[in-house]
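What follows is a set of notes on a single structure, which appears directly below.
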């Protein structure tokens with residue numbers, strides 16, 4: 001009897017290899033192409049010399065672009081899913097399911113054999129490639145590409161994630177009766193936590209003032225899906241032994257893999273043979289599936305109309321439209337027919353819709369205390385004021401990451417925060433974004449993000465922008481020791497010129513005036529985009545440069561440039577502009593300025609045309625940006641320059657008086 005059982009096991013493994021062995025072979029060939037072959041080609045050219053001479057960033061490790069990690073990711077997530085789909089395809093074909101389960105072997109044992117086949121067929125290609133890469137370490141100089149620690153981390157990640165994705169596919173396979181649905185649902189499962197959190201957070205951001213869905217997502221969304229988690233990294237200067245996913249997260253993947261195993265085995269043992277060919281094979285899961293699809297489509301449609309129309313009426317319409325569409329789509333999928341519009345189904349829609357609507361309404365109520373919370377002064381250690389979480393995160397990872405810590409300035413920011421509670425509007429898309437981050441004494445952090453009209457916050461913003469701390473936080477050049485700067489590169493995009501300054505006395509003169517101008521600027525100028533100015537790169541001791549913009553409103557710097565005979569080379573002048581057109585920006589606000597102005601021209605709107613040099617100069621000096629404003633301004637440069645004519649948005653309080661008098665603002 002033991003001999004017969006052993007022989008039976010061997011035959012099962014042989015059968016599995018005949019059925020899905022090709023997936024293992026494709027996995028091996030794909031990894032062979034992305035690692036050993038790429039390494040062999042790199043060793044035969046001048047890649048190492050190019051990296052050493054700085055021709056491109058030194059990109060090391062087996063997760064680098066040298067080893068085509070994007071293709072590795074496709075293999076890593078695609079082939080384990082295929083393995084699960086084809087290995088358990090017999091569950092989804094009635095005749096095959098009946099035959100396999102009629103064999104003299106327990107379901108649990110059969111399930112374990114299938115799993116073992118899948119695990120082995122995924123493991124072998126990874127180990128073979130790992131062995132080949134180990135041989136390269138022993139027989140070639142690959143220190144500039146990877147080391148033994150990199151190889152160990154690569155093996156660890158590839159094995160754990162491959163098995164995790166495969167086990168997720170097996171879990172989904174026990175829940176469905178269609179192979180096509182099997183593959184799609186597996187990827188939905190891998191992306192679902194990230195997707196549902198994104199939908200819920202965007203939903204909350206429409207109703208809770210100060211809550212930023214994008215802020216929360218920037219922090220957490222990469223960790224909510226293994227696909228995003230593995231992809232969300234940069235191997236540039238990652239250091240020795242780098243791995244895209246932390247060891248703790250890999251440990252979580254192992255635990256979830258084990259959990260998937262026990263749940264899948266339980267469902268497999270209880271699964272009815274008649275469920276083959278059903279989209280959802282487990283009966284109790286069907287109402288959950290219907291509600292989930294209804295809820296997700298309602299949130300998605302609400303998010304779409306909220307982002308495009310910015311009114312609560314359209315958001316509510318989106319909930320109804322998305323909910324109805326999602327409900328009937330789920331019923332069609334479950335019944336495999338489009339004839340589902342019967343009276344019982346409409347009654348079902350009423351029930352599911354009511355539950356979804358209740359949940360949608362209750363979620364924002366949880367955040368009422370969040371909306372009105374302003375940290376007490378004694379709780380705050382430091383504060384950051386900017387425009388986005390991304391900007392804050394980038395600042396905190398830089399060398400100059402000092403927050404505002406003086407009590408007076410913190411109080412000033414809190415006054416602004418209190419005003420934003422009154423003036424902020426979650427659906428306001430034509431205002432400026434203001435982001436506040438508090439670092440508390442207990443080590444926690446509090447974030448708030450608002451859309452508001454700066455004109456209504458002028459007093460509070462001016463009080464903050466006058467402080468030395470704030471300006472140094474938002475302008476890295478202010479923290480640079482002038483004596484350490486050995487080169488200045490000024491790029492003037494609309495003049496077509498690039499100027500290099502290397503003389504120490506000129507570098508000092510230029511930067512001293514720039515610093516003086518920045519310290520004198522009000523809030524709009526500190527944060528306003530220098531779209532019409534020039535861009536400066538200050539190289540410090542030959543290392544990583546500091547970048548900053550040079551605006552026409554830097555009066556002291558402009559005088560210095562005139563004295564040095566450089567102004568006409570680096571700054572856009574009124575003489576460079578043939579004429580300016582100004583439109584009231586009341587329509588097409590969801591479009592970029594360049595497209596919005598073209599749409600206004602096509603609709604026949606008549607602009608304010610400016611040809612006077614003095615008035616053109618006033619328009620050049622007005623704070624502008626490329627996203628919003630009361631007025632849309634097009635600068636039309638002299639013909640023959642070969643540059644795209646810049647189009648900017650200008651707020652009413654920043655516009656010259658003659659523009660306001662001529663156009664007014666009917667909004």
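The backbone N, Cα and C atoms fix where each Cβ goes, glycine too.
Those TrEMBL annotations? Automatic predictions, nothing curated.
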Residues flagged as transmembrane segment in TrEMBL, choosing from 115-139, 215-239:
115-139
Of the ranges 370-404, 405-439, 440-474, which one does TrEMBL list as coiled coil?
440-474
Pick from 269-287, 288-306: which range has transmembrane segment per TrEMBL?
288-306
Who are the chain neighbours of the transmembrane segment (20-43) in space, where the CB to CB distance is under 8 Å and they lie at least 6 residues beyond its ends?
62, 66-69, 71-72, 75, 79, 82-83, 86-87, 117-118, 121-122, 124-126, 128-129, 132-133, 136, 140-142, 145
Positions on the same chain near the transmembrane segment (288-306), where near means CB under 8 A and six or more residues out:
195-196, 199-200, 202-203, 206, 280, 314-323, 325-327, 329-331, 333-334, 348, 352-353, 355-357, 359-360, 427
Integer average pLDDT (0 to 100) for the domain 'DUF6449' (438-535)
84
Counted with DSSP (H/G/I as helix, E/B as strand, rest coil), the domain 'DUF6449' (438-535) has 48 helix, 27 strand, 23 coil
Within-chain partners of the transmembrane segment (151-172) [C-beta distance under 8 Å, separation at least 6 from its ends]:
62-63, 76-77, 79-81, 83-85, 87-88, 115, 118-119, 122-123, 126-127, 130, 133-134, 137, 182-183, 185-186, 189-190, 226, 230, 241-245, 250, 253-254, 256-257, 260-261, 263-264, 267
